[in-house]
Structure formats: structure tokens, C-alpha cells
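Q: Pulled these features from TrEMBL for this protein:
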- 15-39: transmembrane segment (TRANSMEM)
- 48-193: domain 'EXPERA' (DOMAIN)
- 51-75: transmembrane segment (TRANSMEM)
- 107-129: transmembrane segment (TRANSMEM)
- 141-160: transmembrane segment (TRANSMEM)
- 172-192: transmembrane segment (TRANSMEM)
Amino acid sequence: MTQTFDKIQLDFQQMIISLIFVILLLIIAFIASTIFLPSSQNKVIKKFERFAFIWLTFDALIHLILEGSFIYYSLVDNIEKSQSPLAKLWQEYGKADSRWLHSDVTILSVEIPTSIFLGPLAIYILALLINNHVSRHYWQIILCACEIYGSWITFCPEWLTGSKNLNTENFVYLWVYLVFFNGLWIVIPLILMRQSWDVIIKNAEIVKKLKDRKLE
């Protein structure tokens, strides 16, 4: 009975530590937005632009730190047996999706380009956002499309084989780890894609009207 209680307590502690780490990354992203997108009398930052900046910063940190560590432990170390702090985070998430504990080749194939390319791309888009460069929206659509596709490739093989590696019985593992956290990388990219689509279409219509006036 004591061993069972100790295990539950240890699992709860690891869950809290993991959630605190994610919240810490979100706080860092918010602080970065106040530094790089400061509001002033002459420059009022739209709320949605700040939201986009916070998300893109958080996104870059996740890709580079968390997913980067997953690649490292998968290729060099052993996630399930490692005692390092970042490996502990993956061990916690592995309770919801065991593929992350065993360096599943499908997961690894998705995470390598995600961390190497999408992490730096998110930082590049942040630089474009800071400088209010219109090309940001082209790259933002590419980033969002890649992340949505990555989510599909991550879970589709599992759904087709009966979700044998997913823990669908535990409420926290299913609805918090699998549905909520992974759902963020579908819902928010869709929102950002819509924003970029609206900006691109609006600018295209303005250019078209100017050309039409010149032809008259």
C-alpha cells in the first residue's frame, strides 16, 4: 500500500514539474513580447499581433528545446532510462503516448525536420513580425501548414492501428496531454493561417485596384 501511495505521489510530482516547465516557457514567451513589441504612444501593438508573437516564441522554444532534446536522447541516449531533467519530461509524456519512450521511428522522422527547420523558421517569422515585414505571412502559412501536417502524421498511424500506444483510459493523459496540448498545434496554426490569408488577400485586392486605376 505504501509503495502504491509513493508511486502515485511521485507521478503527481512529475506531472506538476512538467506542467510548470511548460508554463515557464509560456511566461518567457510573454516577457519576450513585452521586450520586443513594446507599446508606446506612437506605436500601439494590436492584441492579436502580441498573441501571435507569444505563440511563435513558445512554439520555437518547444521545437528547439523539448523536441530537440527528444532527438538527442533518441539518437545518443535512452529516454526511458535517462535521469536528465528533459528526459524526465518525455518520460512523463510517455505515460500518455508510449511511442515517445522508445524512439518510435515515425515520431523521430517527424521530429527531426520539425526541430531543425520549424524551430528556426518560427524565430525568423518573429524577426519579420518585429519589423512589420509583410513577407511574414507567407512564411507563417508555411510554418502552420507544416505543423498541422506534422500532427496528422504523428497520430494518423496510431489511429489506423487502434491507438495501441495511447493511454485513453486516464483522464489527464487523454484530455490534457494528448487532446489539449496536441490540439493547440492544430487550432492555433489554423487561426494564424486565417490571419495570414486575410492579410494576403487584402493586399492583393489593393494592388489589383491600383493596377485597374492605372489602366483606366
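Sequential numbering from 1, following the chain as shown.
Glycine residues also receive a Cβ, built from the backbone N, Cα and C atoms like all the rest.
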Q: Based on Cβ pairs under 8 Å, which of the stretches 51-75, 141-160, 172-192 lies most in contact with the transmembrane segment (15-39)?
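A: Between the candidates 51-75, 141-160, 172-192, the best contact partner of the transmembrane segment (15-39) is 51-75.
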Q: For the domain 'EXPERA' (48-193), what are the DSSP-based totals of helix, strand and coil residues?
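A: The domain 'EXPERA' (48-193) comes out at 114 helix, 2 strand, 30 coil.
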Q: Mind looking up the mean pLDDT for the domain 'EXPERA' (48-193) in the predicted model?
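A: Averaged over the domain 'EXPERA' (48-193), per-residue pLDDT gives 95.
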